[in-house]
Amino acid sequence: MRESVHTNTSIWSKGMMSVIAAQFLSAFGDNALLFATLALLKAQFYPDWSQPILQMVFVGAYILFAPFVGQVADSFAKGRVMMFANGLKLLGAASICFGFNPFVGYTLVGIGAAAYSPAKYGILGELTTGDKLVKANGLMEASTIAAILLGSVAGGVLADWHVIAALVACALAYAGAVVANLFIPKLAAARPGQSWHLRKMVRSFFCACISLWRNGETRFSLVGTSLFWGAGVTLRFLLVLWVPVALGITDNATPTYLNAMVAIGIVVGAGAAAKLVTLETVARCMPAGILIGVVVLIFSLQHALLPAYALLTLIGVLGGFFVVPLNALLQERGKKSVGAGNAIAVQNLGENSAMLLMLGLYSLAVLVGIPVVAIGIGFGGLFALAIAALWIWQRRQM
């Protein structure tokens, strides 16, 4: 990894482009692996309710390691942390390729992802600052969503052809991410010399949680992003069961195409947010959050492919516009109070706790036999109400 002692505030710097390239390949692998592993579960006749369990073991790793990964990201050069994390993802994908239990392999990928996330977002605040950070987040989200778009489709299409080939492609993507990490400049550790005593680390993490929760802006950001990503991952699994029921299509590729429409929309929404929203005008994103739930409700009632594509694209546009400013707000305020790595680790705890809760409720709803269309309607309505309540709460705190 190359040595560097200076940060470059341009969002088009060589260091930033290396981060974006590594993120693209890592996210490509994450999304292709999800759909390839779902295809593997289907081929091995696992029950439908086990599908969200796969994601639950992934997010469980985030929650379990949340007290530690923020300090890891702030105690070492973040580029090296990203490289180590991608190596863990590579190991997990390779283990599934070689026939190990897919839930165990996917848990390894989850551990790698847990370590990766605080570093990948925390490094943005070290490479650029101020309102450029919103633009850098937009670039990161656009890269991530492009990877979701291509990775999801690649995972589904390759799995329809050959499941093992799809899994190998995922492992190669992670290997490419490790190589890209080598070109990220080595920046000084943000907070070196912290205690590695486990009890102190847990106490320090929960002190960071309390600090961020007591601040009105960071509390608002934490709740908003947690609701968004919890809903987003649940929508992914909802589509897997919704497609054969509503559209009568039973392949692996169609749900990935529909997920790709959301990804395309998020790229557009993230770009719009970077241009129209600053750290001082974050509240502009809230109407978009409410509309996400409304459009999900309308989408659940569709029975044709074309309107489904259009509505999912709109959901993505609204989602990108909603989440990018909230991410930037948390990074900027969190960097000044508890460190960027710890701020993102706390955010991950909130987001993944929301994912675990929503996926658990979704899995339970499927297990007890609630029709998938009814699940979608209830899910959309509750999300719209939750974001509306958050907006009212935030305005009363001002």
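Glycine residues also receive a Cβ, built from the backbone N, Cα and C atoms like all the rest.
Bear in mind that the values here come from a model prediction, so they are computed numbers and not experimental data.
Under the heading transmembrane segment, Swiss-Prot lists 19-39 (among others).
Per Swiss-Prot, the feature transmembrane segment maps to 53-73 (among others); the stated evidence is sequence analysis. If one looks beyond the transmembrane segment (53-73) by at least 6 residues along the same chain, the residues whose Cβ comes under 8 Å of a Cβ in the stretch are 34, 37-38, 41, 81, 102-103, 106-107, 109-111, 113-115, 117-119, 122, 190-191, 194, 198, 201-202, 204-206, 208, 233, 236-237, 339-346, 348-349, 351-353, 355-356, 359-360, 363.
If you look at the transmembrane segment (91-111), the same-chain residues 6 or more away from its ends with a CB under 8 A from one of its CBs are 29-30, 33, 37, 40-41, 53-54, 57-62, 65, 164, 167-168, 170-171, 174. Annotation source Swiss-Prot lists transmembrane segment at 91-111 (among others).
Summarising the annotation, Swiss-Prot assigns transmembrane segment to 139-159 (among others) and lists sequence analysis as the type of evidence.
What Swiss-Prot lists as transmembrane segment is 164-184 (among others), and the listing cites sequence analysis.
Look at Swiss-Prot and you will find 227-247 (among others) tagged as transmembrane segment.
The feature transmembrane segment is assigned by Swiss-Prot to 257-277 (among others). Only residues 6 or more beyond the boundaries of the transmembrane segment (257-277), in the same chain, are considered here, and those with a CB under 8 A from a CB of the stretch are 134-135, 137-139, 141-142, 145-146, 148-149, 152-153, 156, 232, 235-236, 239, 243, 284-285, 288, 308-309, 312-322, 324-325.
Per Swiss-Prot, the feature transmembrane segment maps to 281-301 (among others); the stated evidence is sequence analysis.
According to Swiss-Prot, the feature transmembrane segment maps to 304-324 (among others), an assignment based on sequence analysis.
Residues annotated as transmembrane segment in Swiss-Prot: 350-370 (among others). Outside the transmembrane segment (350-370) by six or more residues, the chain places 48-49, 52-53, 55-56, 59-60, 62-63, 66, 222-223, 225-227, 229-231, 233-234, 237-238, 241, 379 with a CB less than 8 A from a CB of the stretch.
Residues or ranges marked as transmembrane segment by Swiss-Prot on the basis of sequence analysis: 372-392 (among others).
Counted over residue pairs 6 or more apart, the CB atoms of the transmembrane segment (164-184) and the transmembrane segment (19-39) come under 8 Å in at least three pairs, which marks the two as touching. Under the criterion of 3 or more C-beta pairs below 8 Å, with sequence separation of 6 or more, the transmembrane segment (304-324) and the transmembrane segment (139-159) qualify as touching. Across 19-39, 139-159, 281-301, 372-392, stretch 372-392 shows the highest tally of CB pairs under 8 A with the transmembrane segment (227-247).
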